[in-house]
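Trainee: This structure is in structure tokens; I'll ask about it shortly.
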């Protein structure tokens, strides 16, 4: 029989007793019948290393829980790590003031901290102030870092230019002892030309202004439409289950309908964006009649031109892929059909990913709690300054540690000695503890993800290598979990350790890049950009390699390095068909995600527009919210399919090399897949 895709015709091969060496075929083994039952523990050294590391992580947690103070977790901390309202030298200053809080809008703030000076103050500013060295006594209104107090305008101007005093402050509100800008003052700041020139914050203030005008309405709409949102999420889950069931029986029509519907949807997007672009191009005054900021954006021709370009490019890519890869799509559909059968034969494979997800949530929670407690383990340190034994009581010398309360007794006559704050004790431990906690987080998260992948690989490999599918074990999920836990925890630890190291390097590069931005060196920027790109690509490759190594380990029970070598060699020998089919399958599954997401979003939009009586400021808010959640739900379900496809395809490649279709060495692949690939089993 001639294959439907000549690019995938595989000529008969004569196998020889050889291993998985690069460029050599898999050895034929008459006793091989899928995942080996008799196997031994793999990568034991990595297992012990992982256990010791987790024990140390727990030890770090116990250390910070013991030495930390839960009562000060939410206390504001200034740039010197002084805890406002708690440490003796700032006991009367309970509020935290930000020199420029708009710098805290950066998405990197949770990792790098807010890059502006922060000081403890007695109360939040009650007026708006802009530094002007020509205004008399203006220096008295400046808010400066600990120990800095200008004596005149000239000195105040010097401190402002050095960043030791805030150039301006706004009327602020107290929120959890943090001074946050008053919303009304933002508009004044945004419209003040002088202040905008002084602060150079127009973009960040525009974001805050947008949030003030739109953000509250968006949050209100989400709260008001919670019933519609929950209903949409329920529809998304049901739609995914129905779609999976349809793939089980009519994978071909369902996939082609999804592809055609996606192309039709993109074509409709192109039509509507062209229509609106032409309309607003011919009616430029429409923007002036907008009642909300959202309408102002929507009525700009540039907005519709951007959407037109995006939808046109997406439509062109989809059409070209369907035209040139149409024959490969047939094979991808066959693989997806096989994956549907494998998944439906073990429905627990849909339930199992919930458990790794729960573990990952627990790890995230533990990491955050440890990180918070690490910030509380330090204590303020004070030293004696200007001590003169002739005028002061006590046996002190400059630099000695002191206590602010008891030190008052040594001051007699003209004693000018002071007990000054110099830093936080144990603060030197905070950085290494944070680094250790971060690395433990990455290693643990990658480990749990790897565990889920290997368990699923064992489930689907068992299904593929069972010739009579009715003989697939009922407890295949439980058996795969037990097999992985008993023999291959070390392999998972090895693979996840490599990924964790790579991720930590990427985080370090981001931190270095953040620190060097102020120097604005083009050469340094170029080097860092190349390094970040390299390690991003390396991490993607390692994830790909690890995933296939786990599949081979689940089948053959070998250690990580051997499994990775076997998987890589098998893929290299079939690089063209593997790469093409892998990308085509991803494309098909992505189209399926889009059609489900678009369908659910359309249902919610129709209900909110024509059925619901709720008066929403922005009708698209619940629609977009449901669309995002729907895409996440479909990704959760289709990740199982993706793992099934990858596992079955590696099994198929090995099946093709291990067997030749003869009576003594028949293929394990299904009849439908054999027909598409031009293969057949000989009965005699």
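Just so it is clear, glycine is given a Cβ too, placed from its N, Cα and C backbone atoms.
TrEMBL: automatically predicted annotations, no manual curation.
Look at TrEMBL and you will find 44-65, 229-247, 254-279, 303-323, 330-351, 357-375, 440-465, 485-502, 587-611, 618-638 tagged as transmembrane segment.
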Trainee: Hey, does the transmembrane segment (587-611) touch the transmembrane segment (330-351), meaning at least 3 C-beta pairs closer than 8 angstroms, sequence gap 6 or more?
Mentor: yes
Trainee: Count the CB pairs under 8 A between the transmembrane segment (229-247) and each of 303-323, 357-375, 485-502, 618-638, then give me the winner.
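Mentor: By the under-8 Å Cβ criterion, the transmembrane segment (229-247) pairs most with 618-638.
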Trainee: Ranking 254-279, 303-323, 485-502, 587-611 by the number of C-beta pairs under 8 Å to the transmembrane segment (44-65), which range is first?
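Mentor: Selected stretch: 485-502, with the most Cβ pairs under 8 Å.
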Trainee: Which sequence-distant residues neighbour the transmembrane segment (254-279)? Criterion: at least 6 residues beyond either end, Cβ under 8 Å.
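Mentor: For the transmembrane segment (254-279), the nonlocal Cβ contacts are 243, 246-247, 301, 304-305, 307-308, 311-312, 314-315, 318-319, 322, 329, 332-333, 336, 588, 591-592, 594-595, 598.
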Trainee: Which residues of the chain, 6 or more past the ends of the transmembrane segment (357-375), have a CB below 8 A from one of its CBs?
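Mentor: Here the qualifying positions are 60-61, 64-65, 68, 70, 73, 77, 430, 433-434, 437-438, 440-441, 444-445, 448-449.
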Trainee: Check the transmembrane segment (587-611) against each of 303-323, 485-502, 618-638 and return whichever range has the most CB pairs under 8 Å.
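Mentor: Answer, by Cβ pair count: 618-638.
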